[in-house]
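One structure is given below, encoded as structure tokens.
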Amino acid sequence: MSVFTFVCVDTSRAMSNLGHMNEVVAMESAGNYGASVAVHGTPVVNGLAYGPVIRPAPSPEFDIDAGAVVAEADREAEAKRFAAAATTVADRFTARASSSTGSSAEVLAATASLAKDRAWIGTANTLIADGTPAAAATVAAIDKIAEMFTKLGGLMAERVTDLKDIRDRVVAEILGLPEPGIPNPDEPSILCADDLAPADTAGLDPARVIALATRLGGPSSHTAIIARQLGIPCVVAIAELDRIPTGGTAFVDGERGVVGLDPDVEEVAAAVAKAREAAAAASAWKGPGQTSDGHRVLILANVADGPSARAAAEPGVLEGVGLFRTELAFLDRGDEPSVDEQTALYRAVIDAFDGDKVVIRTLDAGSDKPLKFVNHPDEANPAMGVRGNRIATPHPEIRIHQLDAIAAAAAAATAAPWVMAPMIATVAEAREFAALVRERGLVPGVMVEVPSAAVQADQILAEVDFVSVGTNDLTQYTMAADRMSPELAALTDPWQPAVLALIERVGAAGTAQDKPVGVCGEAAADPLLACVLVGLGVTSLSSAPAAAPAVGLKLGSVTLDQCRAAARAAVAADSAAGARDAARAVLG
Ligand code: PEP
Ligand code: MG
């Protein structure tokens, strides 16, 4: 295989993909490999990939004749044409969802239900009944809803990409055009795009699309989440991505956030050779998590349900679950799941890691994860609104039912699960939650996602048995920057020294009280940052399972003193980039 056609480097895939043609290896070298053009963005999944650039097929082009009116006699047929196209598109999403697993399946199923959503279909049907042609009615109906979602912000705004994707597919179907979206390349390729529709990223074949680079999207966007799951290098928020032409040959450096055009083949090949060695080592990493001088750190999995927990447990490397996002199982539910139903779900995850640590988070409903069965107040700023544990004030019974279900699921377990609440802001909230959890014989903890909780980590830890730092939200709230905003990706970077300083405070509180301090945000998936977190006093790292071996491997290559020195240097830096560089200088 020529290095011209394919080079991919990514420690995060090593465990599951060694031997696969899309070989995954760790990237050590820095540099632009003599590229003629290099553009920069926010790195989200480590690795180096090299190949021809492809872009999604454009949306169908057609003229909307504002004055066009379908004759009354033809309107029924027009409505049928529309219904057939909308159903075909929704069915395709459903079929792709059922042939996918994990978060890909969830994303596709969510898009399928959006494609069937009565709100936009009803609007389109009304327009068609008034004489608007089916394609124009589709565009008008979806654009109207998209505008509404954009105004709502947060997750709703994130779904605009899905909506537009549905619109383009339905219009193409109505007009008899080929389905828009990502081409199926003959050779392993770099996919560049403005932003990727979750439906497209979920269907990606990592043997064909070996890296992602987007002009928009943030570190927690769908693109980033799916890239992490697939284990392919990914850089987002690249303002100048248009300078990398389709058909050109480029590399994507997912560690430094660089995309370069026409790199020097020999230089890239050298980087790959070096990286292959590291990848082989990552694939051989079998735990347990510890520094080279034997300081133990639990390396855990973030999971969403029984199947994802079983998949995480299967290789026998990870030591438990650091974050079970329970709300993800109920995103499409119109009614509250019964206690029995919840019990079965929680038991599936506990059983997958029976005897090991399993940290279950109570529903983090609201903001970017609205649940239909929780009546959310209309809020101008939902990220700062009634979300997470705050939902228990208007709906105390929902939290009680969930804790009862967790206790029932725990009844047959070898070890009591740990239960933590999201979005805790005060000591009183932590105290109240801990009492409810203890009453049920479970181990209470809280997430540190709000800066106030980090500032008061001492008092909060006195109330609970453990804390877990949610770096995604802690970064969002510390930097006052929406985690979904592509424009603010540089601010929503967990390497921001202010964020690290808050984690330092939490780590010190944990050390002083000899209580566990975990990290379960995306920061725990970054091998270099993971070492810094350990240096700050963090005792467990929980991430997407695919990212864990690279983290474990890196940690095993440095001493605790090095982690501490890197942590001091990163906290003292004056920028996120400075913190990365300072840590790299110590940790290699
Ligand atoms: C976090 O905020 O870092 C976190 C782990 O929670 P979520 O990403 O689910 O909000
Ligand atoms: Mg969070």
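Glycine is treated like the rest: Cβ placed from N, Cα and C.
For the phosphoenolpyruvate site, TrEMBL lists Arg325, Arg361, Asn472, Asp473; matching the candidates Arg347, Arg483 against that entry yields Arg483. Across the structure, Arg325 (phosphoenolpyruvate binding site) and Glu449 (Mg(2+) binding site) are spaced 14 Å apart at their Cα atoms. When DSSP labels each residue, the domain 'Phosphotransferase system enzyme I N-terminal' (40-159) comes out as 77 helix, 13 strand, 30 coil, counted as helix, strand and coil in that order. Nearest Cα neighbour of Glu449 (Mg(2+) binding site) among the listed recorded positions (Arg361, Asn472, Asp473, Arg483, Cys520): Asp473. When the Cα atoms are compared, Cys520 (active site, proton donor) and Arg483 (phosphoenolpyruvate binding site) turn out to be 16 Å apart. With a cut-off of 6 Å between Cβ and the nearest atom of ligand 1, the recorded positions Asn472, Arg483, Cys520 reduce to Asn472, Cys520. When the binding-site residues Arg325, Glu449, Asn472, Asp473, Arg483 are checked against ligand 2, Glu449, Asn472, Asp473 have a Cβ within less than 6 Å of one of its atoms. Counting other Cβ atoms within 10 Å of each Cβ, the binding-site residues Arg325, Arg483 show the lowest value at Arg325.
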